[in-house]
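Undergrad: According to Swiss-Prot, the protein has these features:
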REGION    1-38  region 'Disordered'
ACT_SITE  CYS144  active site, nucleophile
ACT_SITE  ASP299  active site
ACT_SITE  HIS301  active site
Amino acid sequence: MTWDTKNQFETTKTSQELPATSQDHISDNKMNSEPSHRLSQFWSSLTRSSSESITAEPVVILGHTYREGDRDREGDSEVQKQVKKRYWMSYRSGFEPIKKHEDGPSPLSFVQSMIFNKNVGNTFANIHSLVDNDNFTTDVGWGCMIRTSQSVLANAIDRAGYEVDVELFADTSSAAFSLHNFVKVASDSPLRVRPGQWFGPSAASLSIKRLCEARNSSTNVPLSVLVCESGDIYDDQIQTFPVLLLLPLRLGIDHVNNVYHSSLLQLLEVPQSAGIAGGKPSSSLYFFGYQGTSLLYLDPHYPQNVSAGVGSYHSSSYQKLDISDMDPSMMAGIVLKNNEDYTDLKRRTTGNKIIHFHEARNYNDYVEVEREDFIDLGQNNRSATAGAEADFDSESSMVIVD
């Protein structure tokens, strides 16, 4: 079964919501006759459509530019068609149980999030999740960073020119890129993340890398993965193609610093973009484009049943967030199909303040991932979690509360 989320998430403006043009205000003495009134309405509709297509700011979606009023031959919105092509991973309920760890949060600590969510009907369809305190059968309340990371990965595979098999992202332990395996990889690592604990961007990046490496060892998954800490990209590490570059970033303290605004938009504008997993305070979102200073995103905080079909991985509905309201912690994805792509990326991002290109890495450098990169949201007192954020330094702090 497929859920239609258009009504919940649709925020794009219709022509009726756009500012009226001067032709909309026609004095009474020009409307005395019915024929002239109809002619005026016809002319108004023509000029309004023309005005909207000229004055509306262009919409940029993963390196391609569209006008908000653009329509295809069938009259469908070109922007919404492009949005629907993106892969959207969201909360799921009723999946294969993930056993609670004795040192981790309990499933019932997320009951409030399970009940008060954006798809209450899904909650009642999976009522057992409200009484099982031994197993996680939904990621509502804690899995949004994993879902947006899955979105980056799925869209990266698509951007690399390969068909995306959504079964690889199914919520079972046998699926290569499932939530179950994201949790397992992190749990088996020295970080020892537990089910129900939140992933930071650095941890999400490393988990994607390990899952892709494991999958490549047994089956032909097209992507290799490089994690580029601090936005540093080294020529001598770009060896195989296609390659997914993951950049765990922190671009400010409470909000994205103004100095990075244009550079951040550029990461969504280049044709190599795979999107950004990040968000606003208290949630992680999948950003795939922008219009003006408004970032366009797909929201993972919409629970769907695990049995929902292929259509549930797409939606033509999206929301907007002004860049000034964006949380500074995020993970950006860039896909390089070949060396020409890499050369083009370097040319397009000359002067970018986020990514930096180097000929070779100093191999005395190393990446240290802190245990605090995982935050336990199973605590009843969330203020303790919020207080912990202040103790993190700018390098290891990748904190968003789900």
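Yeah, the Cβs are placed from backbone N, Cα and C, and that goes for glycine too.
The model shown is predicted, which means the values in this text are computed figures rather than measured ones.
Situate these features within the shown structure.
TA: The secondary structure of CYS144 (active site, nucleophile), as reduced to three states from DSSP, is helical.
Following the DSSP three-state reduction, the secondary structure of ASP299 (active site) is coil.
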Undergrad: Is it possible to get the count of other C-beta atoms within 10 angstroms of the C-beta of ASP299 (active site)?
TA: 24
Undergrad: Cα distance, ASP299 (active site) to CYS144 (active site, nucleophile), nearest Å?
TA: 9
